[in-house]
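Following: one structure in structure tokens, then a few remarks.
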Amino acid sequence: MIITLIRIFIIFIPLGFALRVSQPYRVVGKEGEVALHCSFIPKSRLEEMQVSLYKGLRGQEKICSVFVNLSEPYFTTDGTVNCRGNISSGRVDMIITGLRGEDTDLYRCEIEILFPPPYLRGVGNGTVVYIQETPNCPTASTLSQSQSQKQTSERESVKNDVGPLPLLYAILIITSCSFILQMIICKWRAPSSMAPMLSQKESYMKF
């Protein structure tokens, strides 16, 4: 009988000393970052706590959880989604980073008082965290760089398209000049070669 009473006493003590945690109704994040605070009323001077953040209407997904010794009230966690912040009297202030638009959801704070006794636990009513998507709008520098790259590519394409033409023109010019030069040389050589023949013909006629 005594053991049964002790068990009931142990089980229902945490329920009798439940911790009330309150949160803002809605916060808006920007560039993947949002600030969230959770308030509670401490019944004594606290030394050790466990702070956790859950995502979802029923808190199915744990985002972060950290043990905090209040002699050093600052905390940080590692992961794809990072939680950092500090604990002051009756308040947990945290900044959540690494969020995306698809992470918009209900977030709940869970606060556990580990020391001094008694053990207390409370879960907040939840905060709707809205994460704004960052629009992929091009800036002036991006537009200038894009136009410069486009002009360069157009010059390269034109150069590749008309690349053989200057070579063909050069070959035609050289061939034409060579042909004209040969014609001039032939015309110049023709009278010179006929002069001895005419002199021989004149000498024959004299005889």
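Each residue, glycine too, has its Cβ placed from N, Cα and C.
Here is what TrEMBL says about this protein:
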{"type": "DOMAIN", "residues": "27-130", "note": "domain 'Immunoglobulin V-set'"}
{"type": "SIGNAL", "residues": "1-18", "note": "signal peptide"}
{"type": "TRANSMEM", "residues": "167-186", "note": "transmembrane segment"}
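Note: the domain 'Immunoglobulin V-set' (27-130) comprises 3 helix, 65 strand, 36 coil (DSSP; helix = H, G, I, strand = E, B). In this model, the domain 'Immunoglobulin V-set' (27-130) carries an average pLDDT of 93.
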